[in-house]
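**Student:** This is the structure, below, for whatever I ask next.
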């Protein structure tokens, strides 16, 4: 038999002889690969679907002139369309309209069908004519007639994409009702957008009809441009920059794709890193099992060395065994991950709780490159976990390893000065990495810091365990004395099992502290931002609903309303490559802004004659390099207007930033009198329910108003928060379960390796039940040390998450909050589970006959 055949036979024999250990190793790698691969598939599918939606709406356009949500004046269109480089320009009015009876909005586009046919043919409807006598019941008539073609220009018609028809459960000939202001607008569905894609929810109207019916007269949101052959899109975009009003940018399809990706990039990156935590924990589990297997098989490896197998041969034998485990686990993980991703996309859509892909219904597709990457990660994790035990097996001296009682020698090397030095170097490098800036907007060094701190903490555990167990006071009772003596004099095997506990529990502790800190910060933030007893808004979805000046006057004059503050929410673009920034116009006293905003800096009151003040969120300060006291310009009403940054405030709702401006300044500069929300203070003795009833009756269209009290808003916000971290909790649970498997595998292997010791104890009168209690006590003590170390290390990791990863990913800050009750409960649960796992996994060793166990020592 060749050397390869001998190695394969040895690996197969080991796996057959210890099938449970092998299965646990395979499942550990499989779980890590499955989590990471499933998250990557879901996010990739959702992002691809979102990008396809954007591309479908842009059609064949080479350049898109995109303005703010409020739009820009249509006078720009003829100036652009007449440029010699432009083949066709297509004006578009774009409104996210609230659909009657639904919380979600439907994107409605107003286009010039004669121009859109050349630039965005996906947006030209196919007429499904209905007989005039049967329009009420939707009976179809003939197609292609002159009357049917006029439906393209009918101000009362709309064409819906197949996805929108399916979502709304409507068909051509039915009526679609949307909210505009506080009124309803009914539109007849005249046909279908046949080439708009499978998942694009959109409706298209004639542009004049859209501007009229949706109250956007004279305004456009974008202009799609098809350039003449030979015209470079980038050069053209730069050449027309001077023609564009403030807030309007020329973007290419590539810019749109980048902007779409930026919306969720940090969320996706953090989720992928978190998913790989399970794989990281699996690598430590493989290390634990392989290290204990090497201890158990020291005599076998020594015999191989004695009959001529080289050190390199033994090394590669153990590494090959780990690689084979990794191959099987990674392959199983890919299959499980693909099935899991398909199930999630089918039942829950593409949104994993972050809110970035709501309404997107993507399909999972197999891609060879990501599958190969995750398969390679799984194999690499298993190989890395096997390398240190393989090196130890190769270095063992055959003569000593053939003798019984040498099992503690390899573990003692884990406490050597070199290991301690490596641990200190890793911890030091992790602390330095935490101080470094982000890379391309992602906390790459923050991730590296966490990995190095975790590695350093695990490497330090053997030395820590020996010191701690040596200092424990001895007991006068026999069983505790035996347990303490075992841990103090031979701690090596026990500390090998610590790797999985420390890794999983420290990561769980870090995430629990980070999530708790974030949740408490959000709750405190909401309480400051919600001072009024009652709030109303025109609509929860879209931008077609608003409160007109007449609505505002009616609300303010309603009996029982003592005071009202109105808010106007819109969006402006400060950089075409980044998602837009929210602009919030609300009453703010420049002398006391902290009464309304959670400021992170001391407020600045601009002196008379300076530009009006604005208050920027932390995200705006980070993304655009703005600071308190700086003079900036903002694109409002087609102009670049000067402002003074009077303060920076904390905002947990808008990742890409928000700017607050006093409502009176906003109205004076833009002449925009519409608002979207209102905060109401009620007269003494007026209950919120009573005020709501009066407002619904007294305000035209008041039945469409949405009301909420601060407690309801906080509860809904925290539910959304918890949902956004649901995947985080799942990934944490997988890591902890893998860690507990490591405890079981560790103590099971230890028990088998110590069966001679148990046999001797049985000979001197120790009962099997007492040995079981000893093992449970050992498991509990090792778990307690692991939990305490995990709490210490996890707290350090939490500081990096809170003060490095979160600010660099999402541009918000918070204080660290320790959830003591939760951590104490989790710690107790892990200790109890470890003790039970150690007991259950050691039953096989305790069942060995005492005489036979002792005889094996000779």
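Cβ atoms here come from the backbone N, Cα and C positions, even for glycine.
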**Student:** Pick from 248-271, 368-391, 392-415: which stretch is listed in TrEMBL under transmembrane segment?
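**Tutor:** Result: 368-391 is the stretch TrEMBL calls transmembrane segment.
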**Student:** Per TrEMBL, which of 89-108, 109-128, 129-148 is region 'Disordered'?
**Tutor:** 129-148
**Student:** In TrEMBL, which of 179-212, 213-246, 315-348 is tagged transmembrane segment?
**Tutor:** 315-348
**Student:** If we call contact 3 or more Cβ pairs under 8 Å (sequence gap 6 or more), are the transmembrane segment (368-391) and the transmembrane segment (773-802) touching?
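**Tutor:** No, these stretches are not in contact.
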**Student:** Summarise the domain 'ABC3 transporter permease C-terminal' (273-396) as counts of helix, strand and coil residues per DSSP.
**Tutor:** 99 helix, 0 strand, 25 coil
